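What follows is a single structure, written as structure tokens, with notes after it.
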Amino acid sequence: MRHTTALEESRRFGVREIPALRPLGWLARGWRDLARNPAPGLLHGLAAAAFGALLLALSQQRFWLIAGAFSGFLLVAPILATGLYAVSRALQRGRVLSVGESLAVWKPRDGRLVVFGVLLAFAGTGWVLTSGSLIAGFAPHPIDGPRDFIEHVVLAEDSWLFEAWLLLGGALAAPLFASTVVAIPLLLDREVGVLAAVLTSWRAVMEDPLPLALWAGLILVLTMVGMALALVGLVVVVPWLAHASWHAYRDLVDTSGLSELP
């Protein structure tokens, strides 16, 4: 009964068909939001970069674990960007949120965002453990740094390890992307249950597979660039993608006629 109710609730929201290259417009609008109110975004980006640096410092000689942790960041990032969705939402309403207001977005909410965050945290932890076990257990040599990972996992001859690592990661990332691409901004913006928000997100992916495949690719590439630039690139990439994700939600989901949350 609950699943039927959630499906009916999801159908209150229309899903628009969009052009294949629309994600480029999301990036443009996301960049504009970041420029209009940079402080909250740069704080979130700095926190992401600092956390990455802390992981590196705590995991010296354990790169087999870091590989999963950094790729797992993509799984939990959507919930961590909730405050920046609120910043873009406020800009659409003609308001500029302070850093404190962007961080306080969690306080007045019910448990829906917390539930979603816990689920993503479990998924991210599961991937880190799976990735670490796979690499540590099957790599032909110890993986103590990026060079070892590239030499003995990525470029190893007659090895199935990298392909298996990518396959498992993709098998987890694809459904999580489909579940979150518009769900968290929708939870922030409207009174809707978690399952209904997830179903709406899946409907968006099924309605617009090409643009959202491009969007997933852009997220992956830009995040990798941010990490490759000694993590400093994340200071800009994280808020840029977060603001752009808000505009993805607004383009994909038709919420007209439904009351907004304050």
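Note: Cβ is positioned from N, Cα and C throughout, glycine not excepted.
Whatever TrEMBL says is automated annotation, not expert-curated.
Noted in TrEMBL for the protein shown:
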TRANSMEM  39-58  transmembrane segment
TRANSMEM  64-87  transmembrane segment
TRANSMEM  113-139  transmembrane segment
TRANSMEM  164-188  transmembrane segment
TRANSMEM  209-242  transmembrane segment
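A Cβ distance under 8 Å defines the sequence-distant neighbours of the transmembrane segment (164-188), meaning residues of its chain 6+ beyond its ends; these are 13, 67, 71, 74-75, 78-79, 81-82, 85-86, 89, 105, 109, 112-113, 116, 120, 123, 126-127, 130-131, 134-135, 138, 153, 194, 197-198, 200-202, 204-205, 212, 215-216, 245-246, 248-250, 252-253, 255, 261.
Residues 64-65, 67-69, 71-73, 75-76, 78-79, 82, 106, 149, 152-153, 161, 164-165, 168-169, 172, 176, 180, 183-184, 187-188, 194, 197 of the same chain lie 6 or more positions beyond the ends of the transmembrane segment (113-139) yet place their CB under 8 Å from a CB of it. A Cβ distance under 8 Å defines the sequence-distant neighbours of the transmembrane segment (209-242), meaning residues of its chain 6+ beyond its ends; these are 18-23, 26-27, 30-31, 34, 38, 40-42, 44-46, 48-49, 52-53, 56, 70, 73-74, 77, 81, 84-85, 88, 177, 181, 248.
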